[in-house]
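Visitor: I am attaching a structure below and will ask some questions about it afterwards.
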Ligand SMILES: NC(=O)N[C@@H](CC(=O)O)C(=O)O
Ligand SMILES: [Zn+2]
Ligand SMILES: [Zn+2]
């Protein structure tokens, strides 16, 4: 069977932007047929029927790639399963997601990696690529079998949720990872400096009487990891960058030619610590929401390329967990279904061009982890997202495809709606 996506505006960052039809055959991109004023030849598929998907007035994009999600299976299926997470992903336009290993058991073995891949295949929604643990049980002591994890299908290593506190352990992890050309993702947090903090440390935390987390808790570890990347030559990826100082450190490291990449999450460029007033636990995540100044610095980092990509850090938690006191509630919010419109707000504001914004959701994350995704080049997997960039809608957390509802954006009026998501040539989601 062949699929023709007809009449849309195709934006394949760095390759093509204009009116075109996209022909898909056998799960692959067969051709992007440009409309250059004249009548187009009607594509005739090699064999079988041709299904036409009308996309006039829509943007046809490579499927979004999220390098940072938490699906809670195995172990915490009441928060999210691989199936519910992969469904929320395609509803948000993500055709590929990389899931962090902080499950129970931790993904520090070939068997957990294979389990995740099996579950993802059975769900048949987004492509789900596991991230393996850096240390056994993510306990920060003994290295996991990095080569085995890589061979089983892990696309990176991380102990996300926890930092690798011991610098010598991190150095050895980076040395191993380099041998396998495997990206290393470290959750940058000096736990001694965090010391029970639950929001950004500053005027607001003082006013609310909540223990704070200083910027330095993140920046000390960002700096250490950059130094270790320089020492070892490993590929370092910094997740959920939240402070002005972190952006500055990454910018300097890149200028010096160190192999570092960075990501920002929509909540960190959309909200400030002010969202914590009212003690709403949906504004509690790690790293915490920071100040207006930090938000400006993250936007500046996205604009000048210091921050390579946008990732959600989709971190589902059940309602009964988020209903605890602010200090006791778990860190984390869901993000897959709101990332696209929140990114489009940066375009509306003039921070990013449309092409830059889409690149940070597609070709750039694919490059960071070396995935053969994020492009509409002929022969690529037919993973696409069709959006209406101008459609306004209201976020209704009750209608989320995630099992959890922990979003600070419920009730927000946003612009930019995912209309269809195609994975491997199959239309897996339409609105
Ligand atoms: N971001 C969060 O606030 N929470 C994440 C862990 C993490 O990303 O560090 C989680 O697993 O819940
Ligand atoms: Zn983290
Ligand atoms: Zn995370």
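Including glycine, each Cβ sits where the backbone N, Cα and C put it.
Those TrEMBL annotations? Automatic predictions, nothing curated.
The active site annotation in TrEMBL covers 313. According to TrEMBL, the Zn(2+) 1 binding site annotation covers 68, 70, 160, 313. Residues or ranges marked as substrate binding site in TrEMBL: 70, 71, 72, 102, 286, 317, 331, 332. Under the heading Zn(2+) 2 binding site, TrEMBL lists 160, 187, 240. Taken from TrEMBL, the feature domain 'Dihydroorotase catalytic' applies to 57-244. According to TrEMBL, the domain 'Amidohydrolase 3' annotation covers 346-428.
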Visitor: Which residues, sitting 6 or more apart from residue 240 (Zn(2+) 2 binding site) on the same chain, put a CB under 8 Å from its CB?
Guide: 68, 187, 263, 264, 265, 268, 286, 287, 311, 313
Visitor: Would you identify the secondary structure of residue 70 (Zn(2+) 1 binding site) according to DSSP, in three states?
Guide: coil
Visitor: Taking only the Cα atoms, work out how far residue 70 (Zn(2+) 1 binding site) lies from residue 102 (substrate binding site), in Å, as a whole number.
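Guide: Checking the Cα atoms of residue 70 (Zn(2+) 1 binding site) and residue 102 (substrate binding site) gives a distance of 8 Å.
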Visitor: Do any of the recorded positions 70, 72, 160, 313, 332 touch ligand 1, in the sense that the CB is under 6 Å from one of its atoms?
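Guide: Only 70, 160, 313, 332 meet the Cβ criterion.
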Visitor: Could you give the mean pLDDT over the domain 'Amidohydrolase 3' (346-428), rounded to a whole number?
Guide: 98
Visitor: Cβ within 8 angstroms of the Cβ centroid of 68, 70, 160, 313: which residues besides those meet this for the Zn(2+) 1 site?
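Guide: The answer, listed by sequence position, is 69, 100, 161, 239, 240, 311, 312, 314, 315.
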Visitor: What are the other residues, in sequence order, whose C-beta lies within 8 angstroms of the center of the C-beta atoms of 160, 187, 240 at the Zn(2+) 2 site?
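Guide: What remains near the Cβ centre is 68, 100, 158, 161, 185, 186, 188, 189, 239, 286, 313.
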